[in-house]
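Structure below; questions to follow.
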Amino acid sequence: MLSLDHIFAKNKEWVKEKTREDTDYFKNLALGQSPKYLWIGCSDSRVPAAGHTHTEPGDFFVHRNIANQVITNDSNVMSVIKYAVDYLKVKHIVICGHYGCGGIAAAVDNNKDEYLGDWLSGIKDSYKKNSEILNKFDDKEEMLNKLSEINVERQIEKLSNTSIVQHAWERNQELFLHGWIFDLKSGHLKKLMDVKSPY
């Protein structure tokens, strides 16, 4: 088990490493942020944005939740999108799901937990709407992976229809949406879709 002392020791190692490479690293980091990307990903401990993109602090503005959802009546996710688009002026929003997602599996298993059940309701709907495609899979893992991809595509669709994104496009703000999936077994990212302004 990862101990608290180990976490702080690793932090000290990281600080030494960063300041050895650049003595002003943290001074410059503290000046402000201007990320070009908003990353909406899953809360799963195995899929941090910086981990599998080999990026640095300041590269991504990040929001994570169970199964990388864009739930338009959730003030948490919507305030992140609003801040990223209208104030940070990000040029790209990435929604990144992953294979082996526990949230996807819980939705298929019809989890009725007080909080999870509501949160996963959109995935349950996608599962029902795409049952013809999904029922063709004999292997449950492959079926869940396909549903993970469908879920990312659905979230991109929802994101593209938000007033935040629509208004950005109407004012000719450069903003691209990207749907990606992360394969835990290979470590690779896979592109699913890209959406740009229709104007």
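Note: Cβ is positioned from N, Cα and C throughout, glycine not excepted.
Quantities reported herein were computed from a predicted structural model and do not represent experimental measurements.
Okay, these came from TrEMBL:
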type	residues	note
BINDING	Cys42, Asp44, His98, Cys101	Zn(2+) binding site
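Could you tell me the structural context for the features on the list?
The Cβ of Cys101 (Zn(2+) binding site) lies under 8 Å from the Cβ of Cys42, Asp44, Ala67, Leu144, Ser148, each of these being in the same chain and 6 or more residues away along the sequence.
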Residues near the Zn(2+) site, Cys42, Asp44, His98, Cys101 excluded, by Cβ within 8 Å of the Cβ center?
Gly41, Ser43, Arg46, Val47, Ala67, Asn68, Gly97, Gly100, Gly102, Gly103, Ile104, Ser148, Phe182
Taking Cys42, Asp44 as the binding-site residues to compare, which has the smallest set of other Cβ atoms within 10 Å?
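Sparsest of the binding-site residues Cys42, Asp44 by Cβ contacts within 10 Å: Asp44.
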Write out the long-range same-chain contacts of His98 (Zn(2+) binding site), meaning residues 6 or more apart in sequence whose Cβ is under 8 Å from its Cβ.
Gly41, Cys42, Asp44, Arg46, Val47, Ser148, Ile181, Phe182, Asp183, Leu184
